[in-house]
């Protein structure tokens, strides 16, 4: 004890703890490793786009580098960020689109997000109350008879029994309602009784206003009782942490309160409609880009063909005119015809006094020239 209380040992211990915290923070803040691949839904809002996008640029420049941001999600060149992740995780092999300019990093795909942790804030995963009820029912029906399940859910403003409880007879339904209301009143009367009930069912949960515990002695009865148990007291909290445990499975789930829990079996999650909408938008976006590229290529080819045709016609008609002019000049006398001997044309012959008279009978004879003998 004296050694532990010594000042040098305390200083070294604090220094070691400080180094451990710093190294953990640095490892957590490494955004070069993909945390997971998730299906695109409407839970996140696009913050911006960039041609050469990577996780660090998305966090620092587009999302502002806030300490409350726990993760960034990238879809092609679109940046998303937040602290609560509600999307469905899928296989990492579906996020195969490399980041532009960063071939070693993946940037999701047309319908998938690549999620990277920033090392700040607290990463939370949330599901709806109906999803937790259905998960509880399915896990109870598949678990052995000795297992038990404790589910902590947030109270909703209006609640009714689900499809499994409504399909039972009216007498069993009323008895189930009375038993659940008595359980609710007993759990709300004292927090110690609810905590003891939670510990006896071999499950641990965080402190919340209302806790409902269900033991599965048989698969069908466990499913009906777990799906029919609900609370009606309103709460101001927006989310609750639930821990479900069995002999081999432990999971922590944050439950989001829903406005109404009636007819949960016929309720369609909003993420499905959002997924279909995003898929149609992505297909339209891809088809528009492909159509624009094809149109540009066809336009360039057509312009080149028209220009080549115009050049060909120009030279063709030019040679045609030359040939036509040559053929038109073939029947005419040559231009040098007027340069012949004028004696062959008496009308054009010049009559000079110094020359002899022209012989109009025979042009083949020599023309005598008169000379002065004196």
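Start at 1 and count along the chain as shown; that gives each residue its number.
Just so you know, glycine gets a Cβ as well, placed from its N, Cα and C.
Cross-referencing 272-292, 293-313, 314-334 with Swiss-Prot places the feature transmembrane segment at 293-313. What Swiss-Prot records as phosphoserine, among 93, 238, 354, is residue 354.
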